[in-house]
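These notes concern the structure reproduced below.
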Amino acid sequence: MAPRGLLVLLLLALVGPCAALIRIPLTKFTSTRRMLTEVGSEIPDMNAITQFLKFKLGFADLAEPTPEILKNYMDAQYYGEIGIGTPPQKFTVVFDTGSSNLWVPSVHCHLLDIACLLHHKYDASKSSTYVENGTEFAIHYGTGSLSGFLSQDTVTLGNLKIKNQIFGEAVKQPGITFIAAKFDGILGMAFPRISVDKVTPFFDNVMQQKLIEKNIFSFYLNRDPTAQPGGELLLGGTDPKYYSGDFSWVNVTRKAYWQVHMDSVDVANGLTLCKGGCEAIVDTGTSLITGPTKEVKELQTAIGAKPLIKGQYVISCDKISSLPVVTLMLGGKPYQLTGEQYVFKVSAQGETICLSGFSGLDVPPPGGPLWILGDVFIGPYYTVFDRDNDSVGFAKCV
């Protein structure tokens, strides 16, 4: 072989196994809450289960992990596929930037665990790369504790193979949320600080194993309910076909969740919230935008929303096109949301109703108050999560 050819091979060997871009198509599905609404079933009280997200915050010292969020996934709307084991056992998961652990149902789940019976289950005996761990784990949700034990195996995402990933095998899943869920489990993509049992999060393993060229991942969430794919998770870069213009960046202010500083929330009719600035979390695991209850009530009034039941607000469907623009200021840049973008249309018992995409949620100090920017915000704005620079970038979706 010519010396030049040998040099090329040597350079390739030195570069290592880095992949260019890993594309994971996301499927959009009807959230559990909306599905229950459409069939007229009882919806768990939002206040009783702290609405869409509840945080067990009393942040620990920096040397200690922050206590895990208390969270439910009644409003999750996007999932993708991963594999666990060799050969890969397939699971659908919510890629959640609001938590840090990976878990899927276990073949050892309790006989009466209906959620487990209805979903794919991991079977260690069928994997040649399984390594026993056995540590018990529990994640506390508003409806109870999801519990099980830890195991270690290879996780496949696209054409990436992430070795030695510790994950949870769930043997008990609480409440109706996971029974009705279209997804099998959760893949957390937040920082190690909030990882239960100090497990190394999935994306941290990707970084440590140098599997991608840039330690970033990005989300495109298609808000058109009839379009496919429902969205895309991209590891290692961004996809220009989904956005226009340059990214505007904001620094992460607390490396636990993807938490950033928000300058203000402005309604076109003159109302300003988050005066003087506030903290916000960018969270792909929930669909709504939440904020302190008192402020969100003012916001609902300003957009003409009326209280319905259990924390939900209804808006007259024929007024959507004339609703005031709501502008979130981040890093000195305005991010506008129109009525078409912050209102959901839901079919309920043969009738169509329109629900506000905002919800009240009080997160106590020292962690709060907080705003949560879910899919209502991420949908119109292509979002990049950058671990190299601990920042979040936004660009307008096309």
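Residue positions begin at 1 at the first shown residue.
The backbone N, Cα and C atoms fix where each Cβ goes, and this holds for glycine too.
The feature signal peptide is assigned by Swiss-Prot to 1-20, with sequence analysis given as support. According to Swiss-Prot, the domain 'Peptidase A1' annotation covers 78-395. Taken from Swiss-Prot, the feature active site covers D96, D283, and the record attributes it to sequence analysis. What Swiss-Prot lists as disulfide bond is C109-C116, C274-C278, C317-C354. Marked as N-linked glycosylation site by Swiss-Prot on the basis of sequence analysis: N133, N251.
Structure coloured by features recorded in Swiss-Prot.
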{"residue": "D96", "record": "active site", "DSSP (3 states)": "strand"}
{"residue": "C109", "record": "disulfide bond", "DSSP (3 states)": "coil"}
{"residue": "C116", "record": "disulfide bond", "DSSP (3 states)": "helix"}
{"residue": "N133", "record": "N-linked glycosylation site", "DSSP (3 states)": "strand"}
{"residue": "N251", "record": "N-linked glycosylation site", "DSSP (3 states)": "strand"}
{"residue": "C274", "record": "disulfide bond", "DSSP (3 states)": "coil"}
{"residue": "D283", "record": "active site", "DSSP (3 states)": "coil"}
{"residue": "C317", "record": "disulfide bond", "DSSP (3 states)": "helix"}
{"residue": "C354", "record": "disulfide bond", "DSSP (3 states)": "strand"}
Tell me, roughly as an integer, the mean pLDDT over the domain 'Peptidase A1' (78-395). 93
Across all the protein chains here, work out how many other Cβ atoms are within 10 Å of the Cβ of N133 (N-linked glycosylation site). 17
Recorded positions N133, N251, C274, C317, C354 vs C109 (disulfide bond), shortest C-alpha separation belongs to N133
Same chain only, sequence gap of 6 or more: which residues have a CB within under 8 Å of the CB of C317 (disulfide bond)? K345, T352, I353, C354
Distance between C278 (disulfide bond) and C116 (disulfide bond) at the Cα atoms, whole Å? 39
Counting other CB atoms within 10 Å of each candidate's CB, the least crowded of the active-site residues D96, D283 is D96
Relative to the Cβ position of C116 (disulfide bond), how many further Cβ atoms are located within 10 Å? 25
Of the recorded positions D96, C116, N133, N251, which sits closest to D283 (active site) by Cα distance? D96
CB neighbours within 10 A of C278 (disulfide bond), counting all protein chains shown, number 19
Can you name the residues of this chain that are 6 or more positions from N251 (N-linked glycosylation site) yet have a C-beta less than 8 Å from its C-beta? V260, H261, N389, D390, S391
